[in-house]
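Comments concern the structure below.
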Amino acid sequence: MDEDPSLIMTITAPAGHTAECLKLPHNSSRYITPPGDNQDTRSQSTSAEYFEEDGNDSGDNDEPQGSLQLTFNNPPKDITRGFVFGTEKKICDVLLARRKRQGISGVHFCITFESENHLVLRDISTKNTAVSYDHWGEKYKRRGFQWILNLGKEIQDISIHLSDGFRLDITLPNHASCLKEYYENVNSYVKESQDSVLALGGLNVPSQDSTRVRTPLNDPIYFPQDIIGSGTYGTVWNVLDVSTGISYASKKLHFPVDLQERAESQIEAIKTAREEFEREMRIMKYLVHDHIVQFVCSTVDPLQIIMEFMPLGNLRYQHKVDPIDTSEIQLLLAQALDALRFMHSANITHRDVKPENILVGSRKDSFSIKLSDFGFSKVGSSLKSHLGTPTYEAPELSLYKRQSRNYDSKVDIWALGVVILEYTYGVPTTHCDYHEAVASAAEEALTSHPNSRFFFMLSRMLQADPRNRASAIELFEGEPTIDFSSENSGGTSGSITPTNNRSPSIHASGVSTPLDSGQFQSDKTMKNAGIAAKAQCDAGSRRCLENSYQADDAGDLDCRQSDATDGNTTMQVQGLTSRSEKQRERQAESLTVPSLVDKKRRHDRSAGAAQPLSGQSRNTGVSTVAASRAN
């Protein structure tokens, strides 16, 4: 039947009550008898009494069962609704019982096509319905809900579930040999349906109220496809919204079942994980920014945060696929600082900025990133708890561990500075005086490019003393943009003409008003009274670093949003601010930083520096400093 372009689907049922309903005379024009069965469904009358009783399908009968076929050649009575299923004979195209049956409405659900060739099932009952994909989803019963039946090519088993074990199994033909003709039929069907809707003025068409209050019976359903990250108490999945087909990322908490048998410390850790999860949810709801991963919604069953999906994955992964180039590094710095400026203005500190938590939206001229994973984020200007990844942690966190000193949002500036240094000049592998070595590397980069605003900015970010470290707001220097275009002018000492001579200005994103910190639970500590002064850059001699490193790939929840897409990589999340094409072109045409191809010359001054540093690992026997946290 896969060769028949008029075939929409085949419906079968397990032996028992459900299978008998397919044989009702009302369904005879769509009924296909099993091999060896010569019964005429039009003369059957035994089903009338059969359906007066309720009960589950036994499934004990192994004899071949008949089926129903929905086809374009036998269209529904009312094309504006589609093929209607239920117990009301005058309205329904497919009768599910001759008389009323508990758990089945007179008009229960309809199957039809909508735009984008989606074959959908819509519940229009006073009861409820569930649809399962490869045996997943039966427990998520909904009312007034829509499921896409052709959700993905990889899905093999699709079933419709009503009450009392009533189940219909759906088989969708692949139409491999007649795909063009099939889609012509789909398009004709959709056009006729739309024309009929217009003729009726929109009447008689089932609709879903997008403004209704969220309840368990209309909560969105997200079908899990692939795992893209995991931690101790959580997993991030690439999921599909079964109503729209849009891909998202889902961050789910999972807890051990045998909590009573676990140690008290483990139970306390689970409680803390839930609190951090709920805090992350609250923070993400209010962070609407071009360069922050957008919160979509949350659900209780299962407990999860739904976010926009970034199919290219994180910065570290993308650098392995195709090394980040000079112009992309500039855009990375400007965009990430823009996001941090917004967060810090809202009195929110990320506390775990690193390549795994920087997701890439696009590459090359249209390079864009978004900060993700706000599980460690905190509201407040004076912070106390010690969290984050050691490789990227600021020097003042060491003082916190030894002397319980507070710190502020400048820990994010240091962490971002280390990320930028890692992909440009290289980061030291030394375990001794690590923070001083990082700060020295930033100064050395500036010494090599004394007229570079890029490296001047980096040196201000990597000041070991937080009092001398610039804030995100100070790095913008009162301007709405970060612009490195002047570095493209000729005759600058210490700079080399970049491979990409376009110099975009990075504009501050159009974002909502900074948040009132009272919206969140903050640390009960005194506010930081000091305002950091601008850093004084020492351009004197610093020792050159022989090695660079990258931390091993971490087990972060949001560590790799990649290899989990079927090509549907473009989507727009409601409420997400997007730049116009024109702005993106300006962004891709204005930034340029001194080329880093001279790194070999710089590092050859040190003994043992055999290759230029590129941000890729140059491990010469020194182990990586740190591994990231496990959520």
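Just so you know, the numbers here start at 1 and follow the chain as drawn.
Note that Cβ sites are derived from N, Cα and C of the backbone, with glycine treated the same way.
Look at TrEMBL and you will find 26-74, 481-522, 562-631 tagged as region 'Disordered'. Per TrEMBL, the feature compositional bias 'Polar residues' maps to 26-48, 64-74, 483-522, 564-578, 613-631. Per TrEMBL, the feature domain 'FHA' maps to 83-132. According to TrEMBL, the feature domain 'Protein kinase' maps to 222-482. What TrEMBL lists as compositional bias 'Basic and acidic residues' is 579-588.
With helix defined as DSSP H, G or I and strand as E or B, the domain 'FHA' (83-132) counts 3 helix, 24 strand, 23 coil.
Mean pLDDT for the domain 'Protein kinase' (222-482) in this predicted model: 86. Residues of the compositional bias 'Polar residues' (64-74) grouped by DSSP class, helix first, strand second and coil last, total 0 helix, 5 strand, 6 coil.
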